[in-house]
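> So that we are looking at the same thing, I have put the structure below in structure tokens.
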């Protein structure tokens, strides 16, 4: 049995806490809403973020981060990307020694365009870091909460660390593979949110299956192109954290990014969409970060650029589709050299 603190009591943090508790670990979860923590402790449910799911009674919720981190040397962080530095700065006050830092957030830090593992390594002193591990893959919290079969990837620079996290989570309904490509795994999980937003727009516009299939395929090419330029293994993008996560996020009604895009495609403004969602839509911030990265690194990402113009420059979604369809003709295999 391992003592683990889950930092972040949203839908995904709560679902992962459930997996760990099902495996017999000593699980604590922290959130900044005291009434929500009380509900988890007394009613064993998180009605705001994971309604309808009965949580194991062994999960103990805290609204005090200091109390939640007592005698813990494994932490799992699942908070919005924009909150990471602030949360990490608080956490390092209370972590006592070398700790395994797992993160399961899919995004890029706004403003710096850094991967979350980079943010952790910047904010946490070396003597408090045993390993940094990423948990990512095609996994909606709603289905994990129902204990439906789910498969994800544990990635770390040190494979033994990835395997240790694999062992923490593996059970009859939650399968975990390992991968040493922490860069590719993080970027696949973050960048697919951009394509999911665009896929939602195509569905909102009623463009049909042909358009959506093309968008997803060419979107994966963009993800792999930028990922390779940043040091990721191109094979990673054909796996669970690339193609797998892209498929589930572009096709499921559980996907916040798809739902947001669908509303945009039906004519709602970005402000209306974000207000109605009630939860973080990482793809919006990631689109901005990825667009800036692509320009800086001189990587061609036409879908990302078109979505950026829709979200931040007020471009019409139909005009964006037209601009993509009207691009200069190309050979499909022109992208291949970038991926080898």
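Cβ atoms here come from the backbone N, Cα and C positions, even for glycine.
In case it's useful when we look at the structure, here is the feature table from Swiss-Prot:
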| type | residues | note |
| --- | --- | --- |
| ACT_SITE | 192 | active site, proton acceptor |
| BINDING | 11, 12, 33, 106, 141, 256, 280, 282 | NADPH binding site |
| BINDING | 106, 137, 139, 192, 245, 255, 256, 257 | sn-glycerol 3-phosphate binding site |
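Help me picture where these features are in the structure shown.
The Cβ of residue 192 (active site, proton acceptor) has 106, 219, 223, 242, 245, 246, 249, 250 as same-chain neighbours under 8 Å, each 6 or more residues away in sequence.
For residue 256 (NADPH binding site), the count of additional Cβ atoms within 10 Å of its Cβ stands at 21 [all protein chains shown]. Under DSSP, residue 256 (NADPH binding site) is assigned to a helix (H, G or I) in the three-state scheme.
Packing around residue 255 (sn-glycerol 3-phosphate binding site) is summarised by its Cβ count: 23 other Cβ atoms lie within 10 angstroms of its Cβ, all protein chains included.
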> Sequence order is fine: just name those binding-site residues in 11, 12, 33, 141, 280 with a Cα within 10 angstroms of residue 257 (sn-glycerol 3-phosphate binding site).
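Checking each Cα against residue 257 (sn-glycerol 3-phosphate binding site), the hits are 280.
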> Whole-number Å distance between the CA of residue 255 (sn-glycerol 3-phosphate binding site) and the CA of residue 12 (NADPH binding site)?
12
> Using a 10 Å cut-off, grab the number of neighbouring Cβ atoms around the Cβ of residue 11 (NADPH binding site), all chains included.
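So the Cβ neighbour count for residue 11 (NADPH binding site) comes to 23.
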> So which one is it: of the binding-site residues 33, 106, which has the fewest other Cβ atoms within 10 Å?
33
> For the binding-site residues 245, 282, which one has the sparsest Cβ surroundings, going by other Cβ atoms within 10 Å?
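It is 282 that, of the binding-site residues 245, 282, has the fewest other Cβ atoms within 10 Å.
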> Since the record lists 141, 280 as binding-site residues, which of them has the fewest other Cβ atoms within 10 Å of its Cβ?
280
> If you skip the near sequence neighbours and keep only those at least six away, which residues in the chain come within under 8 angstroms of residue 12 (NADPH binding site), Cβ to Cβ?
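78, 104, 139, 141 - these are the non-local Cβ neighbours of residue 12 (NADPH binding site), listed in sequence order.
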